[in-house]
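Visitor: Structure below; questions to follow.
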Amino acid sequence: MKFNRISRGVGLFPILLAGTIAAPTKRDSNPPLRGSEALVGYSTTEKIASGTQPDIKYSLLPGQTENPDIGSYLDFEKVDNPQPIRGSTGSDDPGPRNYWYDRINSDKLAPPGTDNGQTINAQWPMGLSHNRRLGIDGAGWARQENTVVMPDAVDMAGVDMRLEPGGYRELHWHVAGEWSLVLNGSCRIQAVNPDGQTFVDDLTAGDVWFFPPGVPHSIQALSDGVEFLLVFDQGDFNEDNTFLATEVFLHTPKSVLSKNLGVPVSAFDNIPDDELYIFEGTPAPEDIEEQNVTTQSGVVPRTQSYSYHFSEQPAHEVAGGSVKIVDPLTFPIASNFSAAIVTVHPGGMREIHWHPTSDEWTFFIQGQGRATLFTAPDAATTFDYRAGDVGYFPQSNSHYIENTGDEDLMFVEVLQASQFTDMALGQWLASTPKQIVADTLNLSDSTLSQLKTEKQYVVAGSTSSSD
Ligand SMILES: *[C@@H]1O[C@H](CO)[C@@H](O)[C@H](O)[C@H]1NC(C)=O
Ligand SMILES: *[C@@H]1O[C@H](CO)[C@@H](O)[C@H](O)[C@H]1NC(C)=O
Ligand SMILES: *[C@@H]1O[C@H](CO)[C@@H](O)[C@H](O)[C@H]1NC(C)=O
Ligand SMILES: *[C@@H]1O[C@H](CO)[C@@H](O)[C@H](O)[C@H]1NC(C)=O
């Protein structure tokens, strides 16, 4: 890390010498916990000598000297001592401060001049979620984002889950609908629907599944292990509170289980005495046919299938990257989940847009980017995102996502909608009578004639980071 370059006479250490809270020094006798009552109020003894302001050494990025309303991305990983300054606004920061956060959140430390007021918090790094490590030999882990950490993300919640080879997510069901994108590796999923029809399938990175509310299912990692993203249609969903097969057996009288299943009470002598949730199992047979349970009820019909092999769908190329959509038009069982996987090349940007019918829950899969959330009437906040972060943009609140790195940025936008739709700012204005736009925004004829009537999804651009 470039960080130790700070020790060349700028940064933390010189700041501590001038006018900061003194580090405790060793004394002959140990002072009591509290000081004297005489310290309250005006002090007749302490004379504060007015010194000179400490000379904090820093350099500004080119974007910091321009008009703050231009708001170029500031790559604070490229400077030793980033400062909350844009144009003639702001001032230096002598500390205390957390340099590590400041470096990767330049739009928090030095927001563009166009930011204003207070929006919701539209960011949660999964890296700040408390992880739940499970299994004796490491069967997996799970960490979640919900309204506990993002109080305004009320319509959807998410879980990032890992299963080692052979690791299970126990047989379970829940009140919420569960939409999933496999992020890495592969897994076998199975379920039974209310008509007793059966379902089993193998999925790999990039594939999608959906389990409706109340439909019990299990997930088992295949030989390469698996990591997947779960998105639930309830913002206050808690992954720790699902209905587990073990728990329903533990909390039903054994006499009742015996009567219900037509076996002796002793059949339940060896059931687990606690939930399993995530645990190591016997490896799934390589041939999926061995786990294809077929009964008189038949299998879940293809049109109602719980899986969609999204990884096999090629992406639709656009100027600055690519987009591919999966929504109920092609994956009907997930009747209220619409999603797009968006790739943005370096310098490119998911165009300014909003979703007319739904909030957007976003997960960053690769790279880094930034977004400004605009909320009526005049609030705007810019957030910096990296792979592993969750974003949340409420219904009809406009936003863009700009690639701020030097590799492709990839993310998934998830909506609660029967069709993936968005309103694009550029297409809207290009398709509105020029006179109306000119009267409203005072844009020149030449500007208006360059607006594009086609939806862009992702626009191309040069890297805007000032380096
Ligand atoms: C899965 O993770 C491994 C290890 O980080 C990586 O090498 C591989 O490319 C990942 N696979 C996918 C499909 O992302
Ligand atoms: C399971 O068996 C049914 C009936 O033979 C068949 O239609 C279905 O494709 C099989 N599923 C898998 C995953 O092999
Ligand atoms: C779809 O989700 C939206 C937003 O949460 C909700 O208002 C609507 O009732 C849902 N529709 C269905 C059919 O579940
Ligand atoms: C529109 O812009 C022009 C400069 O191109 C300026 O002279 C004019 O005052 C502006 N009109 C309004 C209403 O702000």
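The count begins at 1 with the first shown residue.
Even glycines carry a Cβ here, placed using N, Cα and C.
Just so you know, TrEMBL annotations are computer predictions that nobody has curated.
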Visitor: Pick the one from His251, His309, His399 that TrEMBL also lists for the Mn(2+) 2 site with His353, His355, Glu360.
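Guide: Record check against TrEMBL: Mn(2+) 2 site with His353, His355, Glu360, extra candidate from His251, His309, His399 is His399.
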Visitor: Between the Cα atoms of His355 (Mn(2+) 2 binding site) and Glu178 (Mn(2+) 1 binding site), find the distance and write it as a whole number of Å.
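Guide: Rounded to the nearest whole number, the Cα-Cα distance is 21 Å.
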Visitor: Starting from the Cβ centroid of His353, His355, Glu360, His399, the recorded Mn(2+) 2 site, name every other residue in that chain with its Cβ within 8 Å, sequence order please.
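Guide: Apart from His353, His355, Glu360, His399, the close residues are Trp354, Phe393, Asn397, Ser398, Glu413, Asp422.
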Visitor: As a quick check of your reading of DSSP, tell me how many residues in the region 'Disordered' (69-98) are helical, how many are strand and how many are coil.
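Guide: The region 'Disordered' (69-98) comes out at 3 helix, 4 strand, 23 coil.
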Visitor: Is any of His174, Glu178, His217, His353, His355 (binding-site residues) within Cβ reach of ligand 3, i.e. under 6 A, and which?
Guide: none
Visitor: Long-range same-chain neighbours of His217 (Mn(2+) 1 binding site), Cβ under 8 Å, sequence gap at least 6?
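Guide: Correct list: Leu171, His172, Trp173, Ile189, Gln190, Ala191, Phe211, Tyr306.
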Visitor: In Å, rounded, how far does the Cα of His353 (Mn(2+) 2 binding site) sit from the Cα of Glu413 (active site, proton donor)?
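Guide: So the Cα of Glu413 (active site, proton donor) lies 12 Å away from that of His353 (Mn(2+) 2 binding site).
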